[in-house]
Amino acid sequence: MDPKNGSSFTGFILLGFSDRPQLERVLFVVLLIFYLLTLLGNTTIIALSLLDPHLQTPMYFFLSNLSFLDLCYTTSTVPQLLVHLRGADKCISFAACVAQLFVVLGLGCTECILLGMMAFDRYAAVCRPLHYTVIMHPRLCALMASASWFIGFANSSLQTVLTFFVPLCGRKKIDHFFCEVPPLLKLACVDTTVNESELFFVSVIILLIPVALITLSYGRIVRAVLRIKSAAGQRKAFGTCGSHLTVVSLFYGTAIYAYLQPSNNYSQDQGKFISLFYTIVTPMVNPFIYTLRNRDVTGAMRKVFCGGYDSR
């Protein structure tokens, strides 16, 4: 018996893209390729950062955290989506939905804060090069990364509890491909204005404080770089910061669209495709953005994968 027709079923039905069966076939192939590339790219970044002593710096410590985060973020949604795209059963248990929402919100919030920490690292490297190793001490780096993860999942705990406290009155069909706050609130049989206002307020804080830190850091970086007389020095400084700015633009652009628009303007179809972008496309392209034109990483790849690893 189909569990969604059983009276004992207490979970949800993720509608996803079920209204577009032709699109489901295409999405399955595309997302499977993207997911494999995500696993390959982010695992490579983490492995190189561990194996090559030249990459054991604050910048690559934070990049390894970002790669691990992206691996977890993608894996929390994409494998389930691939299964649903190929089968008729699109159910998810209540416990799995709660866990998924908790993990997705936690990782998304953590990435917001972590990108701000990475901007501070670039500021210290460019604007305080002589004091960089003193400022970005390993203990401080570990503390900054730990704070990002702690704040991210503390916020997620609050958001998850508030979301599932809303009475759903037996409604089970979620018009999305994973458990996300806006479509879950649409199942409510009570007024959710307070919940939506609280989500908007928290999202503003989580998004805009790191954005302010990033803007301040890069404002000082630009002034510092423009004082460098060497054109080669300017290119190197802008090159190391350009990758981070690209990742920031991709992540914050989609996050702001998803969480900071009024609920009455929220389109489920647009929301699904935006979610696809930040759950699979952004984690896939991040490693490539950071490795393209990065001599440290390409050199480490040649040494580890082509010439054998030399510990000296």
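Cβ coordinates come from backbone N, Cα and C, glycine included.
What TrEMBL annotates here:
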type: TRANSMEM; residues: 26-51; note: transmembrane segment
type: DOMAIN; residues: 41-290; note: domain 'G-protein coupled receptors family 1 profile'
type: TRANSMEM; residues: 92-120; note: transmembrane segment
type: TRANSMEM; residues: 140-158; note: transmembrane segment
type: TRANSMEM; residues: 199-216; note: transmembrane segment
type: TRANSMEM; residues: 237-260; note: transmembrane segment
type: TRANSMEM; residues: 272-292; note: transmembrane segment
For the transmembrane segment (199-216), distant same-chain residues with Cβ under 8 A (at least six beyond the ends): 109, 112-113, 115-116, 119-120, 155, 158-159, 181, 185, 248, 252, 255-256, 259-260
Two-stretch contact, the transmembrane segment (26-51) and the transmembrane segment (272-292), at least three Cβ pairs under 8 Å: yes
Segment-level pLDDT (mean, integer) for the domain 'G-protein coupled receptors family 1 profile' (41-290): 88
